[in-house]
Ligand SMILES: C[S@@+](CC[C@H](N)C(=O)[O-])C[C@H]1O[C@@H](n2cnc3c(N)ncnc32)[C@H](O)[C@@H]1O
């Protein structure tokens with residue numbers, strides 16, 4: 001007989017379903033460039049996670065991804081190991097723990113013990129001890145104290161300060177500041193902070209009632225409330241949009257009000273003479289095409305929607321539904337399959353950096369790189385050139401991005417205007433009742449001013 005204490009039986013770690021789901025999504029985002037807003041809902045459904053846990057996992061994933069850059073800096077301040085030497089899965093687990101500790105109301109004990117349990121399951125016992133030690137250090141201070149400690153003072157480095165405080169990469173802070181026109185103006189620090197803070201909030205769910213297919217009243221009956229700016233908009237304060245019949249059958253859809261406004265502005269711009277054909281040059285997944293097709297049907301006009309990728313063209317077909325006279329083709333919009341000058345209205349909603357939609361794609365700010373901008377610029381110019389050539393004399397062209405980056409907006413438009421084939425027209429009167437539209441003639445919407453994505457619209461008229 002021996003007096004040695006009995007070895008503790010091995011206990012298999014059992015992380016809770018919500019935190020494990022959150023980790024799996026972060027891992028997929030980091031490992032294979034997945035999009036959290038696509039992976040997470042599928043995973044929650046597949047694992048049949050109950051609504052309360054699903055809401056917790058959603059906040060955990062979105063909040064952690066938005067603030068990951070700042071959380072990594074906090075972790076770095078808690079260890080002597082250079083952050084580059086810590087494996088990404090360990091940083092993911094740590095970031096989930098830091099978010100619970102500093103930005104959610106999870107009690108410290110629960111946040112640490114549940115995250116360590118998760119670490120034991122997905123990283124192993126050794127690395128779980130490291131996670132435990134770091135999280136205990138993080139828990140000693142609140143978020144504001146940490147931020148004061150790790151951010152450079154505003155006076156020495158305004159961009160660096162705001163980048164840490166609001167968790168945006170520095171180059172994006174610079175680009176947004178340029179776009180806001182507030183750079184170097186100390187009075188506009190508040191505007192810049194409001195914009196960065198708005199990027200960290202989940203957007204409200206905006207719905208579009210496609211005209212002629214559904215009345216707004218039907219959406220209100222299903223629990224929606226009136227939208228802010230667009231005549232087609234409703235807001236869903238809570239609940240799953242897919243539970244609404246009109247959404248399920250494609251008569252209505254989820255669509256940011258900014259997108260609705262730019263599509264409506266194109267449809268309502270003055271064009272002389274009879275109209276017969278409109279063109280959407282970059283139509284996938286079909287948000288604007290769905291609205292334009294519905295408006296076009298009411299005016300007995302046909303819409304040609306072009307999308308380069310097959311699967312996205314299929315989504316455009318779904319958005320247009322059973323409306324007749326419209327056509328969707330899978331094609332490269334820079335290689336026109338139509339005669340020049342054959343459309344009355346053309347929209348080029350070009351691929352862009354998406355810096356205006358950071359609220360919706362929590363990981364995108366860390367994934368995008370400054371070198372993406374010139375690369376996208378070439379395609380943006382080629383598409384706008386094709387769009388101008390496709391419009392008939394007197395026809396209107398909408399150049400749209402969901403980015404406010406000057407190199408993707410005004411600079412592109414100015415380059416194309418140099419060919420003298422089109423002129424800019426004032427888009428502002430086509431946004432009735434919408435404040436803060438600036439000095440024009442183009443329009444830039446903002447999350448902090450309008451509650452929309454930062455959509456940009458330049459309206460051009462084809463010269464005769
Ligand atoms: C910003 S999205 C358009 C969003 C769409 N208008 C909506 O409201 O749902 C840009 C689209 O252009 C497509 N695209 C990229 N290059 C293209 C090209 N050369 N020709 C046509 N479409 C292209 C992309 O696949 C993407 O679906």
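Cβ from N, Cα, C; glycine included.
Note that TrEMBL annotation is computational and uncurated.
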TrEMBL S-adenosyl-L-methionine site partner of 282, 283, 284, 285, 286, 287, 288, 307, 349, selected from 300, 332: 332
Neighbour-count leader, CB within 10 A, recorded positions: 282, 402: 402
Same-chain residues at least 6 apart in sequence whose Cβ lies under 8 Å from residue 284 (S-adenosyl-L-methionine binding site): 307, 308, 309, 312, 313, 315, 316
Other CB atoms, at most 10 A from the CB of residue 288 (S-adenosyl-L-methionine binding site): 27
Maximum Cα-Cα separation (Å), residues 282, 283, 284, 285, 286, 287, 288, 307, 332, 349 listed as binding S-adenosyl-L-methionine: 19
Arithmetic mean of per-residue pLDDT over the domain 'SAM-dependent MTase RsmB/NOP-type' (180-463): 95
Separation of alpha carbons, residue 402 (active site, nucleophile) and residue 286 (S-adenosyl-L-methionine binding site) (Å): 15
